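Contents: one structure, followed by commentary.
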Amino acid sequence: MLSPHGGILQDLVARDAEKKDRLLHEAQGLPQWNLTARQLCDIELILNGGFSPLTGFLGKEDYESVVQNSRLTSGLLWTIPITLDVDEEFAKSVNLGERIALLQDDDIFVAIITVSDIYTPDKKVEADKVFRGDEEHPAIQYLNETAGDIYLGGELEAIQLPAHYDYLNLRKSPAALRADFATQQWDRVVAFQTRNPMHRAHRELTIRAAKEHNAKVLLHPVVGLTKPGDIDYHTRIKVYKEIVKRYPEGIAQLALLPLAMRMAGDREAVWHAIIRKNYGATHFIVGRDHAGPGTNSKGDDFYGPYDAQVLVESYKNELGIEVVPFKLITYLPDKDIYLPVDEIDGSVKTLTISGTELRKRLREGTDIPDWFTYPEIVEILRQYNPPRYRQGFVIVVNHENPKRIANALLSTFLQVGGGRQYKIFDHQGQPQLLELIPDFVKSGTGLIVTSPLPSSVDAHNIYELNTYPSAHIKVSATEPVTEIVQKTVFFLEDNKFFQF
């Protein structure tokens, strides 16, 4: 088994266990900072050793060195800045050398930081160097719109890991996972990173990698923060628990990684390799466009398809962990097998289903073949992404007579049925109600909204009924209500929400 990055597994929870009670007592009398969702992920991996050699949030010199050179000031390879960002108001209350209690949910004391640095980062430089500067990159948007403008650096002392209430048997620390590998005598382990559901091709890929390197398989999906719009981790874990059953006995283990991804492409791939090395893996599969967020609004890729593989390979001697390049696997129907594309003659018939096509089939309720994935996984994904006729929707009535039209639509929808609930939703003067709209849609409810919605409402299947040419359901101001209702029903039928 490989040594952790930097030579020592920095398990701060174990290190500080004897003084936990004293730290907890002290923390109750200290200034407090409530950790953000990203900071909770970061601090968990600092405290449990996943981010070894880090033992705290980066000070200014280490931060600038990582941003500019992908190295700590010690010279050790580290590609992603791990920082404690705070707002200016809080920063003004902090002094160098001060100790601050770090909390989860304003309630659970996680750690104490001794502040060694208070600094204002050059976010433009961070965006350019770490994420390549495209302002549409989700990490740059987070940096500019969400992250605090002041960073605090300092060493941490552990009180406890952030609290979790789900999948506790799968939340293995680096020390625990290394102990598992030692008990099972797994001295060669191929780690597989994913933030998506897994299908037959992924199983084939990982088994091939294991055979090729005489190793076992660690399925190590990310369950912290991933790309906006990704499938929720509860759905994905159901998929992972199902697919791990499909591996030969004793070859694969599933464990969860509480990582806040930055979607930083090649730099992130190096970071992922370091983390998996700390967790005890000896090999790491680096995928095509690994940790990339896809394309921007112009259709341009944020990263090249093989940038990650090239960068990780360039550091292979320092990393120690062996890189296993992801091979594109495809299905041969005539032989009922999966093979790497580079092993197939061009005349051989192959089949594949893209992510876009899979989402389309889920949305429309059409067949997803067994050669692509397992029926049990299809069922899990259909629960998350039901076909249109089971999905909720929102009709925004922007008209002179919104209540009359809304009542007519409600009566008609109730008559049609369709297996969903319907509701007239009036948020006028009650903006707090807007937060409920995404939940109604997710639950399959058909909402009829009688006031315009702000663009900040983040929900799928929102359609406007209006006199404007750009409206989804275009009507005229003088059109009879019965015709407006008919147009709306036809629109919903055309878009598969109703089946007659």
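Cβ atoms here come from the backbone N, Cα and C positions, even for glycine.
As annotated by Swiss-Prot, active site applies to Thr194, Arg195, Asn196, with the evidence given as sequence analysis. As annotated by Swiss-Prot, ATP binding site applies to Gln193, Thr194, Arg195, Asn196, Gly287, Arg288, Asp289, His290, Ile329, with the evidence given as sequence analysis. Residues or ranges marked as region 'Catalytic' in Swiss-Prot: 166-390. Per Swiss-Prot, site 'Transition state stabilizer' is recorded for His199, His202. The site 'Induces change in substrate recognition on ATP binding' annotation in Swiss-Prot covers Phe326.
Shown on the structure are the features that Swiss-Prot records.
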residue: Gln193; record: ATP binding site; contacts (Cβ under 8 Å, 6+ apart): His220, Pro221, Val222, Leu257, His272, Arg276, Phe284, Ile285, Gly287, His290, Ala291
residue: Thr194; record: active site; contacts (Cβ under 8 Å, 6+ apart): His202, Leu219, Pro221, Val222
residue: Arg195; record: active site; contacts (Cβ under 8 Å, 6+ apart): Pro221, Val222, Thr226, Lys227, Asp230, Arg236, Met261
residue: Asn196; record: active site; contacts (Cβ under 8 Å, 6+ apart): Asp230, Ile231, Arg236, Gly355
residue: His199; record: site 'Transition state stabilizer'; contacts (Cβ under 8 Å, 6+ apart): Ile243, Phe372, Thr373, Tyr374, Ile377
residue: Asp289; record: ATP binding site; contacts (Cβ under 8 Å, 6+ apart): Gly265, Asp301, Tyr303, Gly304, Pro305, Asp307, Ala308
residue: Phe326; record: site 'Induces change in substrate recognition on ATP binding'; contacts (Cβ under 8 Å, 6+ apart): Leu205, Ile285, Val286, Gly287, Arg288, His290, Gln309
residue: Ile329; record: ATP binding site; contacts (Cβ under 8 Å, 6+ apart): Ala201, Glu204, Leu205, Arg208, Tyr338, Leu339, Pro340, Val341
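The binding residues for ATP are recorded as Gln193, Thr194, Arg195, Asn196, Gly287, Arg288, Asp289, His290, Ile329; their greatest pairwise CA distance is 18 Å. Cβ neighbour counts within 10 Å, taken over all protein chains shown, single out Gly287 as the most crowded of the recorded positions His202, Gly287. Following the DSSP three-state reduction, the secondary structure of Arg195 (active site) is coil.
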